[in-house]
Every structure is written in C-alpha cells, then in structure tokens.
Amino acid sequence: NSSDPSPPSFTLASIPGLEVAHFWMAILLCSMYILAVTGNCAVLFIVKMEPSLHTPMYFFLCMLAAIDLTLSTSTVPRALSLYWFSTTEIGACLVQLFFIHTLSAIESTVLLAMAVDRYVAICHPLRHAAILTNAATVKIGLVAMARGVAFFLPLPLLLLPLPFCSSRVLSHSFCLHQDVMNLACANTTPSVVYGLTAILLVMGLDALLICLSYILILKAVLRLASWKERLKVFSTCIAHICVVLAFYVPLIGLSVVHRFGKDLPPLVHIIMGNIYILVPAVLNPIIYGVRTKQIQRRILNLI
C-alpha cells in the first residue's frame, strides 16, 4: 500500500454481507440514541427542579448525563448516516477520536468522585457536608475536564503527522485511537506507548481507586451491628456500582476485542463499539431512576 500525504480521512466500517440489514441496524441504533437522549435530559431536568437532589452525588450524576449526551451525539448521528445513506467517509476522524477518548476519561474521573462521595458519606458521615460542598463538586468537575483534555489531546496530535496507507477502512462505525493507529504506514511506537500510558493513568488508576474505596466501605459496613443495618447502608451504593459496571465492562470488552480479536468477524467489532458508546448512556438514567424515589415521583408527575 502506498501512503497518502493529504489530510487523513477514513472509511467507517459497514457490516460485510449484511448491507440489506443496515436499515434495521440503524433503527435499533436510533432507538437506543433517542432513549439515551431522553433519559439523560430527564435526569438533568429533574435534578434541576427537585431541591432535595441538590447534593454532590446528583450533581455528579448530572455530569455523567452531560458527558453521555455529548459522547453519543458526537458518534451516533454519523453512524446513522453510514447505515441510512451509505456515507462511509469521515473527514474529521481525529476530532471524533479526541472527543470519544476525552469524554470517556472525564466520565471515569466522575465515577471515581462518586465513589469518594459514597466513601465519605458512609465512613465519615459527620464530615460529608463539610468535605463535599457544592463548590468542591464544581472544582472536581473542572479537574475532571482538565485531566481528560491533558491526557488525551496528545492522541490525535501524535497521529496527525503520520502517513496513512491507501486502505483506510476502520473496524467500527466511529474513530478510536488504536483502530486509526493501526492504519498508519509508519512507526507508531510513540503513539502506542503514550496511548497505553494514558489509559493506565486515567481509567486504570480510577478503577483501582474505586475498588479501594469500596474495600474501605465494606470494612466500615461490616462493623455495623445488624445485617439489616448493613444492607440498608450498603444499598446506597448499589446504583453507583451498577453505573461503574456499565462503564468499565464495555470498556474492557472493547479493549479485549482490539487486543485479541483480530480474527473475529467484523460484526463483533461493530457491536462491541456500539455497546461501548451507548450502553452507559442508556443505562445510567434507568439505574438512578429505579433507585431514586424523587426521580420516580417527578417522572410520574410528568407522565
């Protein structure tokens, strides 16, 4: 393959042999996107309108909702144009790549902040209001944004000067760093090393600290006198645990597919990519809607 010095544009992956099913694939994707947008907008509206939810935990939930809205909107409409109108070429691939990885890093940081919130609320309840104030919550949100940008802005910048081969067909219906990097006709070692380092220092470190926070929470819960009291206290963490799993399980699954699934059918790569983008955005509002009586009440009133 020869290299092309023009600005990089890439071809989004369709489903080989299943072109006739693209319309129905798009219907499913569009339905999930509408559900994600509706659910996350509802969370933002309900938290704004319900004074009892003006607490750090639900401000963090609003941050997750805003992140999921931005992430799904920056990817799904472009994928829908692929399935409905067969517009396979994407020119702003590196821009989309930046948004996907940066927003994922911000979401990981917010999930860690929510874990810290649960730790302080359970292990140091008398100090919770003094430690996690509204001002502190805003600062955490700003730090999460700065951290995501600082760690993942170099990803597209490292790819930008590379020559890309004439075959620029991606494995997904959106742009991911490892997927784009594999199409370069040059030494990608700096990009490989930096990408792995960024993932480990952000998502990897966050996951480790979240696990540590729950180990400390479990130790505190097990010191309580009765099982009924233990279950009551730990039940306040169930929603957050589900949200953490909804984020990290698709992330790990997509990483495993990229690392070990080169021989898997293209359909597997496409499905795993869509799960990674849409499952957290769809599930997060449902999880907190089921677990929060104020949100349930507001939804019933709206209906």
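Just so you know, glycine gets a Cβ as well, placed from its N, Cα and C.
The domain 'G-protein coupled receptors family 1 profile' annotation in TrEMBL covers 39-288.
If one looks beyond the transmembrane segment (20-46) by at least 6 residues along the same chain, the residues whose Cβ comes under 8 Å of a Cβ in the stretch are 14, 53, 61-62, 65-66, 68-69, 72-73, 76-77, 79-80, 82-84, 86, 274, 278, 281-282, 284-286, 288-289, 294-295, 298-299, 302. Annotation source TrEMBL lists transmembrane segment at 20-46 (among others).
Marked as transmembrane segment by TrEMBL: 58-85 (among others).
For the transmembrane segment (97-116), same-chain residues at least 6 beyond its ends with a Cβ under 8 Å from one of its own Cβ atoms are 57, 60-61, 63-64, 67-68, 70-71, 74-75, 132, 137, 140-141, 143-145, 147-149, 151-153, 155-156, 159, 174-177, 180, 198, 202-203, 206-207, 209-210, 213-214, 240, 243-244, 247, 251, 277, 280. Positions annotated as transmembrane segment by TrEMBL: 97-116 (among others).
The transmembrane segment annotation in TrEMBL covers 128-153 (among others).
The annotation transmembrane segment is assigned in TrEMBL to 192-217 (among others).
As annotated by TrEMBL, transmembrane segment applies to 238-261 (among others). Using a Cβ-Cβ cut-off under 8 Å and counting only residues 6 or more beyond its ends in the same chain, the transmembrane segment (238-261) has close neighbours at 64, 104, 107-108, 111, 114-115, 118, 171, 176, 178-179, 203, 207, 210, 214, 268-269, 272-273, 275-276, 279-280, 283-284, 287-288, 290-292.
The annotation transmembrane segment is assigned in TrEMBL to 267-290 (among others).
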Report summary line: Other same-chain positions with a Cβ less than 8 Å from the transmembrane segment (267-290) and lying at least 6 residues past its termini are 13, 15, 18, 29, 32-33, 35-36, 39-40, 42-43, 61, 64-65, 68-69, 71-72, 75-76, 79, 100, 107, 171-174, 176, 239, 242-243, 246-247, 250-251, 253-254, 257, 261, 296, 299
Report task. Could you please provide the mean pLDDT value for the domain 'G-protein coupled receptors family 1 profile' (39-288)? Result -> 91
Query raised in the report: Near the transmembrane segment (58-85), which residues from the same chain, at least 6 beyond its ends, have a CB less than 8 A from one of its CBs?
Result: 12, 14, 22-23, 25-26, 29-30, 33, 36-37, 40-41, 43-44, 47, 96, 99-100, 103-104, 106-107, 110-111, 113-114, 117, 134, 137, 140-141, 144, 173-174, 243, 274, 277-278, 280-281, 284-285, 288
